[in-house]
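What TrEMBL records for this protein:
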TRANSMEM  A:12-34  transmembrane segment
TRANSMEM  A:40-57  transmembrane segment
TRANSMEM  A:64-94  transmembrane segment
TRANSMEM  A:114-136  transmembrane segment
TRANSMEM  A:235-255  transmembrane segment
Amino acid sequence: MVTLWTNTDRLFFKINPSFKFLISVSLFVVYLVVHNLNSMIWATVLFIVLFLLVNGFSGRFSFWIVLLTLIVSMFSAGAMILFGQGTHVLFHWYLIEITEEGLARGILIGLRTFIFSIIGMIMASTTLPVPFFYSLMQQLKVPVRYAYGCLAAFRMLPMMSEEFVHVRQAMVVRGMTRKKGVRALYDRTKRYALTMLAQSIRRAQRTAVAMEAKRFSMTETRTYYYEIGWSRYDLYFLALILCTVAFGFLLSNWMPLTPFTNVIDN
Amino acid sequence: MSLKSNPDRWGVTNLRLAFPKKQNMFFKDLTFHYQKGEKILLLGPSGSGKSTLLQVLSGLVPKSIELPMKTDKLSVPESWGFIFQDPDTQFCMPYADEEIAFVLENRRIPREDMARLIRHYLQMAGLSFANPHQLISSLSGGMKQRLATASILALEPDILFLDEPTALLDPAGTEQLWQTVQRIGKDRTVLIVEHKIDQVLDFVERIVLFDDSGRIIADGPKSDVLHHHKKELDDYGIWYPGVWHAFEKKNPGNHSKNSMAAKPLLELDDFHVFRDRQVKFSLSHLIIHEGEWVAIIGENGAGKSTMVEGIMGLVRHRGKVHWHLKNPADEVAFVFQNPEYQFVTDRVDDELGFNLVLKKRNRDEINERVDQTLTQFSLSNQRLQHPFQLSVGQKRRLSVASSLIDNPKAVILDEPTFGQDARNTFALLDLFQKLRQKGTTVLMITHEMEVVRHFATRVLRIEKGRLVEDFLQVPDNDGKGGVNGHALDEHGQAVFQNQSFL
């Protein structure tokens, strides 16, 4: 789990995680209200570049993540492209009608999904869970029970993936995998869910008791092993993001790649 | 941390407690007290409420675990630490230093002191990391339990509650944990619940013995209790020193040495097993013969599980694995370390019949076999229950029974007696022996050197992903080890070191 982050001493790891989080959220809002296809295209290009420059995952892993989000985005674009309304019909076949306007709207929605994922990945790939939750407690005053609860849950993810492997092996040995058909698939899914849920609930309960046995109190004040503060890197980060966003809008004015400046009006 | 009333004596008077969905109250007016400085061992069969009592005494019940209970008087100490059984579920942080810091934060220790204290507590618990920022998931079970000890020490407790802390540890981890506990427990009050008591006996002075229904049937100095209640210790499946001796008297063990002329059953040639694209186990040549009882031994992480998983084809491997069988998939059974993973149905009887249904046996035959097996494994009363509702021992029996119901030609077991009490262990061993007499070949990963000495006809020692030793032996019950017993003695000795108590 923790081995996911390969280069933890990069610039973006030094930014205050709460700040990074808030900026990411406001970027979501910004790109939610953009209806100019040109701005979206340029912003996407710039954020991919930024992601590739700053991310803390290994090159291979980032490649697959980008590819995967691209595929997901294409799905979300698909519905709009294939069935969108408009006057300039490009292609028509039974129910499917591709129009220029629909295509533009579809691509915009696809890119919006994609840019959200990329911004999310910039955040996730440069933020370790422990500093993130410490920062949430210290800067955003998130109640300690949620923060430590989430951290404890993080610890369980690798255990669950290990468990998944064991359950799969057990199914092979017991011959569950030899049965074919929908019914067998349902049985297997149910078995995975039941076994892993039962284990996880039990584990969560034990961990909760162990935490309380260590005098974890949800209300009283506490000291912190890590003090997450502010630094000049936060300013650099803000400047970098502002530049990226502004540059995106400027480029779309200077070099509009498509005629669709507002996909809603068309 | 001062205490207001009667500072050096705690406990409970007339405790009654109910478990959810159970008709009767569990404890019937149980009274138990202890004093400062005492070292107490709580013994009893599984399900006798020892762990629950420990939780009541520490105040975890009803504060953290809500159970309806009633007492006339309950005095809970202010300064205590609790070590639980499962090494994996006691931590909430990813790194060792952060886990101890979590306790220090709870105690509101200033941040500047933390780094120094973390080193101090780790050292007290016998963990000397060069860098305390150590990933907890990379530690062995034994180290995790010592880390749990270190984080408890950070509470600066006067009283330590230990709830079967070594049940899930291997012998090496167990020994190191008890050494740590002895060292840190010297000036503290210690209450221990434990089944494997041979290494604890030196340390404790008082033993409290519970029966099935949660009543205290003996409470006194250890020598008295051990002397007068040997029968109960046997009945309750407690691993007291000498329990093997008693078992060996009843079960003569395997005496026939396997001749090398026996037919080969499994051949491995130039065999390599991979995990995460790396070779984790390799072997140039090995033949297992029919009728052998092979014990696979070696330290944790040496590659024993990797080896058998490779043989079963569960992980990627290269080279020749050849079973001299018509249909190896049906004729070789595999029993996992954690029985819960391998349950595939919602009822005990369905679970047993699953393999037979898969092989399309006729209904009458399946019913007859299931009935027979239920009786043989004493699971008849549980036949309609969900496998997850069974006790630890019953789960293990069911997992073994469902793998063995169709009399496989070979069975591979991954630490089948791990975490089991003595009674269950012996019952399982009797069963494996009967199977072998009927012609099943047994391959077993085990840490239990007594099992190796008493039952195995052949021993494979794995070290760092390689087979380093392979020898035949005549299993033996005179306590001196096998023919080539040198490998066994050095490891087997720890188990009996306190025999003088009995």
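Quick reminder: no glycine exception, Cβ is built from N, Cα and C everywhere.
These figures come from a predicted structure and were not determined experimentally.
Listed stretches A:12-34, A:40-57, A:64-94 were compared with the transmembrane segment (A:114-136); the greatest number of C-beta pairs under 8 angstroms is found for A:12-34. Within its own chain, the transmembrane segment (A:235-255) has Cβ neighbours under 8 Å at 11-12, 15, 19-20, 23, 27, 30, 36, 38-39, 41-43, 46-47, 50, counting only residues six or more beyond its boundaries. Nonlocal intrachain contacts for the transmembrane segment (A:12-34), taken as residues 6+ away from its ends with a CB within less than 8 angstroms of a stretch CB, comprise 40, 43, 54-56, 112, 115-116, 119-120, 122-123, 126-128, 131-132, 135-136, 138-140, 228-231, 233-234, 237-238, 241, 245.
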